[in-house]
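What TrEMBL records for this protein:
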TRANSMEM  12-30  transmembrane segment
TRANSMEM  42-66  transmembrane segment
TRANSMEM  86-103  transmembrane segment
TRANSMEM  115-136  transmembrane segment
TRANSMEM  156-181  transmembrane segment
TRANSMEM  193-220  transmembrane segment
TRANSMEM  232-252  transmembrane segment
Amino acid sequence: MVSFLRWDSWLPWTCVYFTGLYLLGYWVVFARRWPRGAVDRFKAASCCMSIVHGTSTSMAAAIYMLNLFYTDKQQMSWSPTPSSHNSSTMMFWLASRLGVANTRFEEAIMEYSTAYFLVHLVHYLLFVPNQPLFVLHHVFTSSYMLSCRFYTGHGAFSAIILFVVGESTSFLQNVWTISLLTHSAKLFNLLNVPFLIIFSIFWGVLTPWATWQLCLYFLFSREASAVVPFPLALYSMWSVFMGISGSLYWVSTHWAKLMSKKKSEIYASFSFQNTAANKYTEEARVAQEVRDQLTGFCMSER
């Protein structure tokens, strides 16, 4: 087991870094938007560090995976033959990489990301305790990464895969959240539907697919049991599954709100049209009565 306070560990320093980003958002970026102590000000401040974490982590993980894939492809004997498929080659490469001991870069990005989740977890516990879904998500995610980094020394590459598919929506999600908190109707209406679609694709299709590939290795292969104890692997996969379930539940509630709003708008439109039609019919009926009365008056005068 590795100490949390190793001289070359990123964890304590990145905890300070993300705390600084949080304070920057609270005291500078959104200082004039809300009064001191407002819950929305704390939420918006947390979005500042979330944008930095999600964007940097997903980009670094994607670049690292691509570079590693092409490096291994040139060095290893499993390079694709003319009759093989790139997808099967990628699957074989992923399986071969999952059992390898953590590299220093993987350890660094795990500590960097763990620090973010720990600081964000403190934010939820102190200022937004009525969000159990996010609290549980952060607890599961942090424990998963901490076990890979500081207990087994293996499995960090699985987190790298999940960073690529799971954190790619972070920037858009946080900008969307800020527009919601600041009541920026124009920006919110511009982002709402595209964001929900993209989030649903990543968390409803890509992340479950990646998680299933991890489950096939960590739960059903002998190679995995040699580096990660089965109970820990089972807990880790369950943690990832719970995180995905929470995200899908969250996005489904926003889809429900959107559909409800659209139904209300359609109903209001039909109601307006019916009201206008009824008003026109009533005016026509009154005009006809006036004409009939005038006609009767003229006939009686004759």
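Placement of Cβ uses the backbone N, Cα and C atoms for every residue, glycine included.
Of the candidate ranges 12-30, 115-136, 156-181, 193-220, 232-252, 156-181 contributes the most Cβ pairs within a distance under 8 Å of the transmembrane segment (42-66).
At the 8 Å Cβ threshold, with sequence separation of at least 6, the transmembrane segment (232-252) lacks contact with the transmembrane segment (12-30), having fewer than 3 such pairs.
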